[in-house]
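First up is the structure itself, then whatever we jot down about it.
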Amino acid sequence: MELENIVANTVLLKAREGGGGKRKGKSKKWKEILKFPHISLCEDLRRTIERDYYSLCDKQPIGRLLFRQFCETRPELECCIRFLDSVAEYEIAPDEKLGEKGKEIMMKYLTPESPVYVAEVSEDLVQQTEEKLEISPCKELFSHCAKSVLDYLSGEPFQEYLNSMYFDRFLQWKWLERQPVTKNTFRQYRVLGKGGFGEVCACQVRATGKMYACKRLEKKRIKKRKGESMALNEKQILEKVNSQFVVNLAYAYETKDALCLVLTIMNGGDLKFHIYNMGNPGFEEERALFYAAEILCGLEDLHRENTVYRDLKPENILLDDYGHIRISDLGLAVKIPEGDSIRGRVGTVGYMAPEVLNNQRYTLSPDYWGLGCLIYEMIAGQSPFRGRKEKVKREEVDRRVLETEEVYSHKFSEEATSVCKMLLTKDVKQRLGCQGEGAVEVKKHPFFKSMNFKRLEAGMLDPPFVPDPRAVYCKDVLDIEQFSTVKGVNLDQTDDDFYSKFSTGSVSIPWQNEGLRVVQFNLKSHQKTVHLQTHLCYYVHSKLPNNNSQKRVLLLIDPCCVLHPPVTSCPSLVCKLFRE
């Protein structure tokens, strides 16, 4: 029994470390799997793809990179890109440096005499920005200037990009992205836990070596419980929300017996484990504040999509390898119709808000109540309405939520007590986060005064705790209860429509991030070989003989160059050297 668990954990740890070889977990055939098609195969895609600037050049990682590469071929466009980069750096700078950095941007990009002057920002807007800078610099100082530049880039430059070789390369990436996804796309590893309709196991993409968690939803179990709408709802919300603070959906596919959601793997365990199993229950306030801030950012991203989560509790907050957290298990999340409210008595005992228990209509308010419960539990080492290991009936816990006030010990600072009380206000109209500004309102509370949310969202703040990379933070394989066989349920053709809505393959943003990670890793390796700190090309020079070593170098994959003859048009230093 113990041996089986040791073997399963050892195999998983080896996979997480990249298998110990140079390929970092990738299949021997990874280059063949990721081989770009000839551009002629992308013509249907070229005709049908939505030509939206925000989607193609900002939201999608590979599209954003290629559009930047296109802009860098023209000085006036490169100035725009550098200006936007500087504004992004300004927005994450410490408050005390905003004035200094703001003046640098004004001098470098918004002064007509400057060699990198950005003429797309009007003189009136420059003057207004300069006046605001003198009075009181703020994070949003250059937001209108940046919008002017983006409006310009989304016009004629975007149209020229669509006719460039850089857009051709983007289409080749999209062709790869849209290839069918099956169980053979992945290697499967040990079971990590259980979901409502099946097991959750670790898996690895053969082409890239990237690890994920695969949530299996057994088809017969879904049908028996009439869970089709619930399963599809979770999949669609995961697909829509792209947040570094919420688990991402990377792939959705089906097998003969199951529907599979391939999600961000979180190797660091859940908050419940860390609150109660790592020394004395609870965290120091600094650590609780960090997790609360990341949870708040995740809620903000969900709420931006008008989605209420409804199940905040320590078990659903997971840590990654580096100690950052993500909200997981969106089975109870629901999208609220625009301008409407919903009703539903769902959630976990002790964490449901009063308006949920009373079956009243609500919008996003239950999530701010849940955040209050989490902050309280992280600091106190127990939930606000039930003691640790206290055996009490559900009805009594619900009564406490509706009628009693939580008790605050010496562990709580004045600010921590205040934020919990304001989030755990039973009257929705008086609750923090429910006054019209949502998450922004909560961020302004003194409890978060030391938190730079811009730097947090940019991934620039170190977590207070980093999980042990050699530990497997989940139950032993044999301690995870297995599902019983579903009997008396038959699958037929009427189920296929539902399966086709579910099994949509790769999700663009996670897939593209995964692809870039592989390409950039291999570029670094090859750059060390050829001693050139530059991009390597994928161009094929028809005049080079098959056994020519130069041709082999040219066949390396680079997301910044395009499979598009002739080589003489390529601006890369490598191609230039080979031409010479």
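For all residues, glycine too, the Cβ spot is worked out from N, Cα and C.
Features reported for this protein in TrEMBL:
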| type | residues | note |
| --- | --- | --- |
| ACT_SITE | D311 | active site, proton acceptor |
| BINDING | K224 | ATP binding site |
| DOMAIN | 59-171 | domain 'RGS' |
| DOMAIN | 186-448 | domain 'Protein kinase' |
| DOMAIN | 449-514 | domain 'AGC-kinase C-terminal' |
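The DSSP secondary structure for D311 (active site, proton acceptor) is coil. Note on the domain 'AGC-kinase C-terminal' (449-514): mean pLDDT across this stretch is 84. For the domain 'AGC-kinase C-terminal' (449-514), residue counts in helix, strand and coil come to 25 helix, 2 strand, 39 coil, using DSSP. Just so you know, the Cβ of the residue listed as 'ATP binding site' picks up 14 other Cβ atoms within 10 Å once every protein chain is counted. Look at K224 (ATP binding site): DSSP puts it in a helix.
The helix, strand and coil residue counts that DSSP assigns across the domain 'RGS' (59-171) are 82 helix, 0 strand, 31 coil.
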